[in-house]
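Notes to accompany the following structure.
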C-alpha cells in the first residue's frame, strides 16, 4: 500500500505540474503530451497496488473509481484529479464555494478562487488546482487513437504520402521513400525505424500532436517552460529555451520521482513502526491500570484479613474475661440462693413456733430453734463486688486519617531515578520511613506509601521501621517463581466489616519490580520508641497501665508483614492468656504471659535491596510470603492448597523430604485412610498376636501426626511447644517435663522408646496437660487447659473414629471457688453442735 500510494502521488504530481505550467502556445498539446510519463507512472502505481505490499482492492478502487459514486472513471465522465490525489467525476464534485469573481474555462468549473471539498478526505482546495485525470482519459481513447493514426501522413516530405514506418529517435511517421532516405543519411542511418504500426511508439501509448502544428508530434520537453513542445514550437515560441528530447526528459523525471518515492516509502515505514509502538503502549497502559487495580485489591484483602484476625483475638480476649467473671458470679449467686432458702426455712419455722399455742413444744424445741437462729446470724454473706466496666477502645480520628492516607499512585517517567517512597505523615508523627538500597527505574512503576498512627491509646510513641531483617535466608536459592496469590473476594472473610470499620495500622513498600508484591507492614499496636531518627524500639519498654477498676481487652503489640519476609521479633510480646512470648536472640525459651502482665516489644525490620528479588521453585514460597504456622518464623515455606497454611519442610508432620507440587495438601486437609483397611489385624495398642509390643502402624502413625500437627497449629497450644527448656518447669519436675517438641521427637522415633499405640501417645499429651495444670493457679489458665484437653480429645476421636480416649487423659481438678464463708458441715445440718 505504501508503494502504491507513493507511486500514484509522484505520477499525479508530475502531471499536475506539467498541466499547470503549460504555455499558451501549446496548451492542449501540452496536456495531451503528458500522457506518456503519466501512463507509465500509472502502470507502476497499479503494479505496486496489486503487489503484497500494496493496499489491495480498496486502494485500487480509490485509484480507478470515483470517490463519491464509486463508478469506474471513464473519459465520458470527465474524471478530475484533486491536489490531494483523489479522483472524482466532474459531476460528483458538487458546487464549489464561491471565493472570488474570476471564472475559469477549465471544464466549466467555478471561479479560480472557489473552494472545493474532497469527497474522500474532506480536504479543501481551490478549483483552479483541480486538473483533468489524464491517466483515466487514455483508458478509453485507444480506438480513436488507432483510427487517427491509420490516416497519418508522412511528415518528412511534402507529398502527404501515407506513413508506413515510424522513426523512434525522431518520433516521426515516415513513408517508404523517406525511410530509404532516412537510412542513407549519415546522421539518421543508425535510427530505429519500425514498420509494425505507423503511429505506435509504445504499447498502450499513442502519439500526441501539437495543437498548433497539427502534423507535428510532441517530441521535445522545454525545461524553461516545463512543458512538451514540437520542433516548430521549440524554434518559434520557445526559442533559446533549454530543452530535452522526450526520452531523456522521461528518464530524468523518472529518476527524480523514484527518489522521492523511496524517501516517502522509508518515512512511511518509520510511521508504521511508530504506530505499532503507540498501539503497544496503549495496551501496556491498560495492563498497568489492571495491575494497579489488582495491587490495590490485594492490599485491601490483606488488610481485611488482618482485621479479621485481630477481631477474633479481641473477641476471644473479651470472652475469657467475661467467662471468668460470669462463673464467679454464678457460684456466688448459687451460694446466696442456698443461704436464702435456709434462712427462709428457719424464719418460717420460728414464726410458726411463736404463733403456736403449744407452749410445751416451744420449750422442748427451744434448743434447736436457738441453735439455728444463732447459726444463721453468724453466717457471713460477702457483699456483691462491683465489677469493672469493659469497653472496646479505639481512636476513630486516627483510623479515619489512616484510611485517607491509604497509599498513593506514583507514575514515573522513563529515565527518572527511583528513590523509593518518601516519608508519609502519619496521624501521630512516627519516625520517618527509610528504604535501603537503590532500584532501577521502570516505565510505569506503582509505589504505595502508607503512614498511620497507633491503635493503642496508652502508647506514647510509634515503632520505627528501618527495613526488613531476613531469617532462614541461608537455606539456598531455588530457581523459578511460584507464589500463592489469594483470591480477591470478600466472601472468604468471616468477619462482618461494616462501613464504619477502619483499616489497621499499616505501611506499604513497593517491590523490586512491577511483578513483585508490595511489602505491607501491619501494625497492631505500638511500643515506646525514641522519637526522631531512632533506630529501633528498645525491647521491654513498659506501656502505660490501664485505668483502675476497668477491665480492658489488651491489644497485641506486634507487627506482621504481608507479601515480604517478616522480621524475627527481638523481644517478648504481650499476648492473651496461654499465648507465648516470642523468643529473642538471648531468650531462654517461651514463657507463659500472665493476663495481668504488660510488656511491649520493639521490632527491627531491614528492607531487602530493590535490585535483587528472591526466587523460589514450584510449590515453595520464599520468606517474603508469610510465616510458618508451627514455628512462626519466615523462610522457605510450602503452602497448602486448601487451608493456605504455610510450613517449613521440617516443621510439617510428617516432615517433607522434597518440595511438593502446586496442588499439595497438608496433613490437616488430607483425607485419612480407613482404619480397618490400613491396620488389618493390628489393634490400637500396637501389640501383635504374639504379645510383642511393636511400633505404631503406618495408619496410626499418620493419624497421630495429624493430631500433633493440629496441636502445633492451634494458637492456645503455643506455650506448650517447649516447656522442657524453661527453667521454671525443670525445677518443678526435673527430667520429667513433657512438651509438644519432645512428643514430636518420640513420634518421629528420634527419641526412644517410640510410641507403640495411640493410647500411649494420648497418655503423654494428657500428662503434659497435668504438668502444666500443676504449675499454674490462675483460674483462666485452668479453664484454658480444659479447653485444650477437649480440643485434643475431639481431634483424636475424629482421627480414630469411635475410639474414646477420655480414660487415658488426666482430668484437671475442679475449680475451688469460695462458698461465701460456709463450710460443707455448716450447709449439711446441725449435727456438729453449736
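Any Cβ shown, glycine's included, is placed from N, Cα and C.
Computed from a predicted structure; not experimentally measured.
Annotated features in Swiss-Prot:
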type     : residues           : note
COMPBIAS : 13-23              : compositional bias 'Low complexity'
CROSSLNK : 35                 : SUMO2 cross-link
COMPBIAS : 38-52              : compositional bias 'Low complexity'
CROSSLNK : 200                : SUMO2 cross-link
BINDING  : 210, 213, 233, 238 : Zn(2+) 2 binding site
CROSSLNK : 255                : SUMO2 cross-link
CROSSLNK : 262                : SUMO2 cross-link
CROSSLNK : 305                : SUMO2 cross-link
CROSSLNK : 320                : SUMO2 cross-link
CROSSLNK : 378                : SUMO1 cross-link
CROSSLNK : 469                : SUMO1 cross-link
MOD_RES  : 498                : phosphothreonine
CROSSLNK : 507                : SUMO2 cross-link
CROSSLNK : 554                : SUMO2 cross-link
DOMAIN   : 695-799            : domain 'Bromo'
CROSSLNK : 779                : SUMO2 cross-link
CROSSLNK : 779                : SUMO1 cross-link
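Shown here: features listed in Swiss-Prot, placed on the structure.
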| residue | record | Cβ contacts under 8 Å, 6 or more apart |
| --- | --- | --- |
| 213 | Zn(2+) 2 binding site | 230, 232, 233 |
| 255 | SUMO2 cross-link | none |
| 262 | SUMO2 cross-link | none |
| 378 | SUMO1 cross-link | none |
Item checked: Fewest other C-beta atoms within 10 angstroms, as judged across 210, 233, which are the binding-site residues -> 210
Checklist line | Alpha-carbon distance [residue 238 (Zn(2+) 2 binding site); residue 320 (SUMO2 cross-link)] in Å | finding: 117
Check: In the structure shown, with every protein chain counted, which of the recorded positions 238, 320, 779 has the densest set of Cβ atoms within 10 angstroms of its Cβ?
Finding: 238
Note to self: For the domain 'Bromo' (695-799), how many residues does DSSP put in helix, in strand and in coil?
What the structure shows: 74 helix, 0 strand, 31 coil
Notebook entry, point to check: Mean pLDDT over the domain 'Bromo' (695-799): what is the value?
Noted result: 80
Notebook entry, point to check: Considering only the recorded positions 210, 238, 779, which residue has the minimal Cα-Cα separation from residue 305 (SUMO2 cross-link)?
Noted result: 779
Item checked: Conformational class of residue 213 (Zn(2+) 2 binding site) under the three-state DSSP mapping -> coil
